[in-house]
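Record features, source Swiss-Prot:
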MOD_RES   Ser16  phosphoserine
MOD_RES   Ser19  phosphoserine
MOD_RES   Ser178  phosphoserine
MOD_RES   Ser187  phosphoserine
MOD_RES   Ser695  phosphoserine
REGION    1-44  region 'Disordered'
REGION    170-191  region 'Disordered'
REGION    628-728  region 'Disordered'
REPEAT    417-449  repeat 'PC 1'
REPEAT    450-487  repeat 'PC 2'
REPEAT    566-598  repeat 'PC 5'
Amino acid sequence: MVDESDKKQQTIDEQSQISPEKQTPNKKDKKKEEEEQLSEEDAKLKTDLELLVERLKEDDSSLYEASLNALKESIKNSTSSMTAVPKPLKFLRPTYPDLCSIYDKWTDPNLKSSLADVLSILAMTYSENGKHDSLRYRLLSDVSDFEGWGHEYIRHLALEIGEVYNDQVEKDAEDETSSDGSKSDGSAATSGFEFSKEDTLRLCLDIVPYFLKHNGEEDAVDLLLEIESIDKLPQFVDENTFQRVCQYMVACVPLLPPPEDVAFLKTAYSIYLSQNELTDAIALAVRLGEEDMIRSVFDATSDPVMHKQLAYILAAQKTSFEYEGVQDIIGNGKLSEHFLYLAKELNLTGPKVPEDIYKSHLDNSKSVFSSAGLDSAQQNLASSFVNGFLNLGYCNDKLIVDNDNWVYKTKGDGMTSAVASIGSIYQWNLDGLQQLDKYLYVDEPEVKAGALLGIGISASGVHDGEVEPALLLLQDYVTNPDTKISSAAILGLGIAFAGSKNDEVLGLLLPIAASTDLPIETAAMASLALAHVFVGTCNGDITTSIMDNFLERTAIELKTDWVRFLALALGILYMGQGEQVDDVLETISAIEHPMTSAIEVLVGSCAYTGTGDVLLIQDLLHRLTPKNVKGEEDADEEETAEGQTNSISDFLGEQVNEPTKNEEAEIEVDEMEVDAEGEEVEVKAEITEKKNGESLEGEEIKSEEKKGKSSDKDATTDGKNDDEEEEKEAGIVDELAYAVLGIALIALGEDIGKEMSLRHFGHLMHYGNEHIRRMVPLAMGIVSVSDPQMKVFDTLTRFSHDADLEVSMNSIFAMGLCGAGTNNARLAQLLRQLASYYSREQDALFITRLAQGLLHLGKGTMTMDVFNDAHVLNKVTLASILTTAVGLVSPSFMLKHHQLFYMLNAGIRPKFILALNDEGEPIKVNVRVGQAVETVGQAGRPKKITGWITQSTPVLLNHGERAELETDEYISYTSHIEGVVILKKNPDYREEE
């Protein structure tokens, strides 16, 4: 080490001994070498340019114009390639300061303008950061033809315009906040020059047409976004550029903050409308939720066939829009007819029974029903659900419709869901009302309630406009004194009229929702039904009635699980409405109740559904992190306690893992009462967990509290404290649950956000407490509904064997959501294995059967995807999925009130492509179906699908797939081949020989 340091010092000394005289010649030599390296042609060019600059310095003004023109020609002729700095710009760089001083001396405006034109291009290579000389001299020049300088120069100008505009905005903001209150004049000063907003905008509007003309649609949109003038874009767009411009704008929407996202959608809508692309325009109008815009699209054409095509697009969204001549299509009057045609063409008309998907004969273990203690009535109920989902919409089955005795193989409320499954089999077909009519005259209230619910399901989304049979049949039962009957009728109305904004339903159910004298169950059910009917409308009357319930209900009523559905109803009302929810959130925050924070999270998440807002997701993740930071000692104590607890659990492993599994906590408590040391450890663990701010619940805590109360003298005071703690605990539990669901809702909008959310869910599953872990699987299911990705359902499979049975049940249900309507073979196998694994645990087996039913929804012809190919969010579908997810915050509650699972029926739709001719008759056309490819911003005309298979309509279209016509024999009325598509013969088509 010493030797090395000595050597370094020696070299430093040697270098320091070299005199400056010896160093400078080296630099001069380098310069000489560079000059020598210039070719003869380059040297001549450099000399000529320097001569031209010298002429500009002379007093003879007659030479100025010719010299400037020569300079311009020289620069333009050399800028054919931008792989390196053009040589004239390189050679002129040292003269830039001289040319700037010449500009300041001259007085002739024409010559100054011409010189500013040259200086603007030179400033690209010389100008320092923050000076924006290129833009400054461009604005000082009157030369309008600046396009000849090339694409790179125009892009440089656009960059400086954006920077200057941002400086102006910041300056305006500073002026507004300044204490002297002086107002800004809308300009920004840079090196003594004032950039005015008007001049900058005028130049910007000169640049935009250049970008559009030279395949720079993205640059044009970005520039107008920078200067907040995106509404000025439509005037520059023509039939050659509008498609690429609008595709780029719509793709940008999930990445933009409000109100820019809405401005982009409205601008794209106006462009599509002006170019007569009506099907694209109506998709954006639905996305914006503006009925006036939808009407404008219909009014833009008088073609009745186009009106029908637009009506079919609206029908899939279950909107409340009314238009004369196509009302039966908008009301889904032909949906059942088209679906049965699909079933016939695909040879699916034969009914299936649940055993066809259970495949119990493949299970090597003992028969499910022979297992000790298994409730066969509950498994018959599960079969009713599976049968209803499996044969949904087919109007026939082998289990229930012709077998009146099947209903009585279930018990109590199970009969309600069993009868209601008939409505599921006849969904979208009013013939189901006749099948259910006979059950209305039965004495058992559960059976009658099932018939009422079934009527609502069979009429789901189908509206005649004049006569509403479901409303006529159900309206007399909503005020029935029997809660079972009234709740079923209310729920049936909610399913039947989801998304319809029907005023008659509002008038019927609002008094029930607003009444605080009725049981909270009835009021919550009425509020939920109204929210589904008026999803995403911000209806003031319903909002007021829900808020009244929060304010006027007793503390005991607000402890029930039904409160969650009141909060959910408020969220569904404001779904996708963004900032419009702010007033409601302010009102909620004024309520002094532990539930307040949880309600805010749920309502806020619903309002910003699909926005992909990163800041909101960060806020939710912050809520999910433990609030209190413990010292090292506490952490050490907790680790010790956990270690001891785990060792005891291991010691008692056999008893903990008894088949019932559901009562692990109880068994642990019993064992620890015997073992004094274990009891101390348990108490210690409880204390440290409370310090950490984590919520605790379950049989263990209740038993400990009972011991405390019996030994305590002041039981009354303790009781009050316990109640307050329970309320706070319930509020925290719900807040955590809603925050997890909120991440899924917000991330739905774009693919990158979905990928990131899945990573977050993995972390939450590892580090979250029990309440967070219970909701993570459901959130994963919502993010990938009807999209069975291997990485998602493999993760869910791991969670389905969790020690916490509630985590397992939610994971299994999420697997059903993930594969809803896909018939995915891998998922089907995993669910069959889970059915065998949980053959002795009846609740988990029930959920597994439900998941199997969802997987085989409509024999694989249905979907619950919340987006269509045009990226339009289906609010009715999302609201129906969210209802079951919120119910599963407490799986035991949903198992008791299983009829709420039928809310899913409101969001189910066929995933077919059905081709019709001008007359509305089905025709067979060859289409290519393949994986959708993102073509936004790509050059040329890239293929929109890859790995396609050619099929004849009708065909099924899964998540992430797209279709296109194979030949030009037919012309489509819609740009997206999805759902019902109307085609017309192409008069110019000739068959290839």
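Here, residue 1 is simply the first one shown, and the rest follow in order.
Including glycine, each Cβ sits where the backbone N, Cα and C put it.
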For the repeat 'PC 2' (450-487), distant same-chain residues with Cβ under 8 A (at least six beyond the ends): 318, 322, 327-328, 331-333, 335-336, 407, 413, 415-424, 426-430, 432-433, 436-437, 439-440, 442, 493-500, 502, 504-505, 508-509, 512, 519, 521-522, 525-526, 876, 899, 902, 905-906
Counts by DSSP class (helix H/G/I, strand E/B, coil) across the repeat 'PC 1' (417-449): 24 helix, 0 strand, 9 coil
Helix, strand and coil totals (DSSP H, G, I; E, B; other) for the repeat 'PC 5' (566-598): 23 helix, 0 strand, 10 coil
Structural state census, the repeat 'PC 2' (450-487) (DSSP three-state): 23 helix, 0 strand, 15 coil
